[in-house]
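A.B. asks: This is the structure I want to talk about, given as structure tokens.
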Amino acid sequence: MEKKSLYDISCKGSRVLMRVDFNVPLDEHAHITNDKRIIEALPSIHKIIEDGGRLILMSHLGRPKGKVVPELSLEPVAKRLSELLDTSVVMAGDCIGTEAMQQALALQDGEIMLLENLRFHPEEEKNDPEFARELASMGEIYVNDAFGTAHRAHASTEGICHYVQPSVAGFLIEKELKYLGQALNNPERPFVAILGGAKISGKIDVLENLFNKVDTVLIGGAMIFTFFKAQGLSVGKSLVEDDKVELARHLLQTAKERKINMLLPEDVIAASEFSGDAETMAVPVGGIPENMMGLDIGPKTIDTFSREILAAKTVVWNGPMGVFEIEPFAKGTIAIAQALADATAKGTISIVGGGDSAAAVMKAGLASGITHISTGGGASLEFLEGKELPGITALND
């Protein structure tokens, strides 16, 4: 999917409205606990201000539900951004209105302003045309660099593009499109997808779309037990989606018909309770005792999955292999992250979907060893499902 980007336009002397994803975690004192998302936007910010653009940034923060919630003000973000850039960032009192417009018009070349939380207005999430037009009136160029919200048709991601031209992708979105797009449309083979997570229901569309593209699918996470039940295996107390057993059977049959190498675990780590102190044991699939549940993939599965990953040329990973937040059940996920980093060091293109898999890679300290970690959980999932993302579709081709 080719979209015009910051490289295709001149920003000098123009007011540039850029949608960023500054939805950062705050503690109870409104201190930012992780500024990764702010740092990720810096390449696009630097480019615009170095080119002499007058930059107006906009973002949401949290879920204020269309009301002004002072604890969700973007003021701490403006402060952190000014520290990172070593330059002052004007903080607007609102994202629309006369005062914000006057502040925008007063900007000089290379100056930056951050609008207040977009979601203080209910019209943002409703993609209200009048609200989108008012946002658009502040700028002469629109840039979207918020991949994390690209799957939402909101006023600041989709509606705004109808009222300001050019509308282009920032570097972050350009990078997402490059890696995710290449994996889905023109992958180097063998192409392996690793899917984890608790529920099949959240991954049906991804599986069905990837069946048209991949050579091998490795399945982990609690959703394996619904597949095992479909195969008539005993699963003990493990999590099963009973209403999806028939669907699991259908997916197994589809993989077989299309000659896709779909690998389920051969052993799991079982425990009697969901706790860090629980006694654990590795058991073969189908051999989970009635009073126990599977909470991670086992050592034999780790070996098999790692071999598949190391033999691949392209790997896409979405979803953890077990309950990685609890130490005894994190080994499978961490081992897969390690195999992915080892494969990448040998030239494999590795792409990690946002959310839990990204968190696992960070936890393992392996982020720098991965080709691309997506910045959008929901957006990368919808991209892998083959869906159009409204915030991307609206940009200039």
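Cβ from N, Cα, C; glycine included.
Pulled the feature table from Swiss-Prot, pasting it below:
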BINDING   Asp21, Phe22, Asn23, Arg37, His60, Leu61, Gly62, Arg63, Arg119, Arg152  substrate binding site
BINDING   Lys203, Gly294, Glu325, Gly354, Gly355, Asp356, Ser357  ATP binding site
A.B. asks: For Asp356 (ATP binding site), just count the other CB atoms lying within 10 A of its CB, please.
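C.D. replies: Taking all protein chains shown, Asp356 (ATP binding site) has 19 Cβ neighbours within 10 Å.
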A.B. asks: Counting only residues 6+ apart in the same chain, whose Cβ is under 8 Å from the Cβ of Asp21 (substrate binding site)?
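C.D. replies: Arg37, Glu40, Ala41, Ser59, Asp145, Ala146, Phe147, Gly148, Thr149, Thr375, Gly376 - these are the non-local Cβ neighbours of Asp21 (substrate binding site), listed in sequence order.
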A.B. asks: For Asn23 (substrate binding site), identify the closest of the binding-site residues Gly294, Glu325, Gly355, judging by Cα separation.
C.D. replies: Gly355
A.B. asks: Should Gly294 (ATP binding site) be counted as helix, strand, or coil on the basis of DSSP?
C.D. replies: strand
A.B. asks: Report the nearest neighbour of Arg119 (substrate binding site) in space among the binding-site residues Lys203, Glu325, Gly355, Asp356, Ser357, comparing Cα positions.
C.D. replies: Gly355
A.B. asks: Calculate the distance in Å between the alpha carbons (Cα) of Glu325 (ATP binding site) and His60 (substrate binding site), and round it to a whole number.
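C.D. replies: Spelling it out, the Cα of Glu325 (ATP binding site) and the Cα of His60 (substrate binding site) are 27 Å apart.
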A.B. asks: Are there residues of the same chain, six or more positions away from Gly355 (ATP binding site), whose CB falls under 8 angstroms from its CB, and which are they?
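C.D. replies: Residues satisfying the criterion: Asn318, Gly319, Gly377, Gly378, Leu381.
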A.B. asks: Which value in Å gives the longest Cα to Cα span across the substrate site residues Asp21, Phe22, Asn23, Arg37, His60, Leu61, Gly62, Arg63, Arg119, Arg152 as recorded?
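C.D. replies: Binding-site diameter by Cα atoms for substrate: 18 Å.
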A.B. asks: State the count of C-beta atoms found within 10 angstroms of the C-beta of Ser357 (ATP binding site), not counting that atom itself.
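C.D. replies: I get 31 for this one.
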A.B. asks: Distance between His60 (substrate binding site) and Gly294 (ATP binding site) at the Cα atoms, whole Å?
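C.D. replies: For His60 (substrate binding site) versus Gly294 (ATP binding site), the Cα atoms are 38 Å apart.
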A.B. asks: Same chain only, sequence gap of 6 or more: which residues have a CB within under 8 Å of the CB of Gly294 (ATP binding site)?
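C.D. replies: Expected: Ala222, Ile224, Phe225, Val235, Gly236, Ser238, Val268, Ile269, Ala270, Val283, Ile288.
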A.B. asks: Relative to the Cβ position of Glu325 (ATP binding site), how many further Cβ atoms are located within 10 Å?
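C.D. replies: Total other Cβ atoms inside 10 Å, all chains included: 14.
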